[in-house]
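*Asks:* Pulled these from Swiss-Prot:
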BINDING   Gly38, Ala39, Thr40, Gly41, Thr42, Gly43, Lys44, Thr45  ATP binding site
DOMAIN    25-176  domain 'Helicase ATP-binding'
DOMAIN    429-591  domain 'Helicase C-terminal'
DOMAIN    626-661  domain 'UVR'
MOTIF     91-114  motif 'Beta-hairpin'
Amino acid sequence: MTAFDLHAPFVPKGDQPQAIEKLTTHLQSGHSRQTLLGATGTGKTFTMAKVIEEIGKPTLILAHNKTLAAQLCNEIRSFFPNNAVEYFISYYDYYQPEAYIPVTDTFIEKTASINEEIDMLRHSATRSLFERQDVIVVASISCIYGLGIPAEYLKASIPLKVGAEVDQRQLLRNLAAVQYTRNDVDLGRGRFRVKGDVLEIGPAYEDRIIRVEFFGDEIDAIRYVDPVTGETLQSLEGLNVYPARHFVTPTERLEMAVEAIDAERTAQVEHLEGAGKLLEAQRLNQRTRYDLEMLREVGYCNGVENYSRHLAGRQAGEPPECLVDYFPKDWLLIVDESHVTVPQIRGMYNGDQARKKVLIDHGFRLPSAADNRPLKSEEFWQKVGQCVFVSATPGLWEIELSENRVVEQVIRPTGVVDPEIFVRPTTGQVDDLLAEIQERVGRQERTLITTLTKRMAEDLTEYFEERGVRVRYLHSEINAIQRIEILRDLREGVFDVLIGVNLLREGLDLPEVSLVAILDADKEGFLRAERSLIQTIGRAARHVRGQAILYADNLTDSMEKAISETERRRKIQLAYNKKHGITPQPVKKGSDNAILAFLEVSRRLNTQELEDAYEQADDLPLESVPELITQLEAQMKEAAKNLEFEEAAKYRDRIKNLRSKLLGQQSP
């Protein structure tokens, strides 16, 4: 038995038992790379969970976007309710990196909005990795970016133990040194307050409050308490308080870093002047001197991450520490949808370096700023011991690395067969598709439509709306959380048809979808390649009446291969169903997502969105007004807390107007 305790209302069926056994055997034999070739709807996540339980190692599950990571984390948490299942994605709600455009001589300052709740989940992940063995972290590609030095982070943690003698003043100084701020009025995450002999800390990694009670200089009690009621949730003998930020720099290291930065500044200014770049040299000298002064005085400056090589004591070109460095020596990596995720790992470094080079060449940053970067692909894979690639369409790179350790999982436990595929001419395709949609609406089933261009998707959405179809258009400007909400609304029947371009392929778990329509299926290219077609067709593979219609005037090689592979899988499933007397059963899966619910509670509209919503309040449905009032109240309280009383008064007046509107419309 391992530390992982899997709970599931079903047992492995179909191809799952042999896939679990083979993957487990490969891993226990010490093989470093293997692939699970699992068709859509065959229960790949359950197979992953069983392998994790059997192997018993801390595991990182890597997904290629936040939406898929949230979906995976929710499923894995349901399988392992008693283990630490963590969620690690980028904590930016909005991020615009600094950049310089030489052609127009335009410098763009870095602007970012950090989601505090996601930051808390990131801290929770690293805390679990320090304290437990039964840890599963579901992460997006952001896990290959720098995260501070694990040893320094752990060394900076503050141990507290009942009965220990502690200098209270020194303890408060220690908390301030690891980025906690004192606030005796409003205790929140990353803050602490003192009331008599009681110290309360809002840890960076959870929403419970740590209460430390003293008797003189002796710690008398340590408790977790509810942040609202103050009720005791748990009494403890001891704990570690981890820093409020992952980047922790000891004083002596900071002093050494300042010297190194200053030396690099001198050398680079001389280099630029020697090359005749006097403006660039002056710019770099001025900017870096200001940053150095800030670092000496307060230990921080804007854009401090650009000095991370010096602050961490790394050599030039040395890879930064990231999430994988927080894992113990023996851990397991599972790469979900590997045919997309693996190329992402390769692409992150090159894009980052192209932007940094321009900044360095024009005197905005020192050359060492190039080392504030994500891992290179080869650096990442050097840190990985054992790995399982998971995909319905794995890439050649994964298959070659796995040698003969490619495990197929094609048979679905539910007996659901791969979609029937129909190829129809493009003439009259929209009206033909409308008839298909109406048929499915009558059966309360959903439809996905994929187009080649954004313009066509918009026009198609408008056309269907005019004909009474409840339709939405999923486009690239929709953020991760809104995307999850749209997919949930599709599942719950708020609308019936979802149209997109390259947004409807990997990992979408939509059992209600019975039809996938692919327009311009014969236009060869990335969006209509064999792998893309198989993935898109697979979105209907969870429904007992799943069908895919490919609108095309020619049969391309990619279409032939995709149709052939889907037909091969259909035959395998049909033969299995016949042999075992299985009648296909619809997939029953709730649409709730605990991660989504958490993020929805935490999400606040930004100021511009609130302005727009308020201006359009007259057009809002009545049931939406209370939500807008709640958002405005949150902004009003935030403004008052920051002593911005004029801003708070503006929100108060708007809330009054909205409440009047609400009362006026509700009265008979």
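Quick reminder: no glycine exception, Cβ is built from N, Cα and C everywhere.
Distances, neighbours, how buried they are, the whole picture for these features please.
*Replies:* Its Cβ taken as reference, Gly38 (ATP binding site) is surrounded by 24 other Cβ atoms within 10 Å in the chains shown.
Distant neighbours of the motif 'Beta-hairpin' (91-114): 122, 302-303, 355, 358-359, 362, 364, 479, 606; these residues of the same chain sit at least 6 beyond its ends, with a Cβ under 8 Å from one of its Cβ atoms.
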*Asks:* Counting by DSSP secondary structure, give me helix, strand and coil numbers for the domain 'UVR' (626-661).
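*Replies:* Tallied per class, the domain 'UVR' (626-661) gives 33 helix, 0 strand, 3 coil.
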*Asks:* Show, in sequence order, which residues other than Gly38, Ala39, Thr40, Gly41, Thr42, Gly43, Lys44, Thr45 on the same chain lie with their Cβ within 8 Å of the centre of the Cβ atoms of the ATP site.
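*Replies:* Result: Thr47, Ala392, Gln409, Arg412.
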*Asks:* Relative to the Cβ position of Thr42 (ATP binding site), how many further Cβ atoms are located within 10 Å?
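*Replies:* Other Cβ atoms found within 10 Å: 28.
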*Asks:* Going by DSSP, how much of the motif 'Beta-hairpin' (91-114) is helix, how much is strand and how much is coil, in residues?
*Replies:* 3 helix, 15 strand, 6 coil
*Asks:* Three states by DSSP: which one describes Thr45 (ATP binding site)?
*Replies:* helix
*Asks:* With an 8 Å cut-off on Cβ-Cβ distance and a minimum sequence separation of at least 6, pull the same-chain contacts of Gly43 (ATP binding site), or say none.
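*Replies:* Residues satisfying the criterion: Gly14, Gln16, Gln409, Arg412, Pro413.
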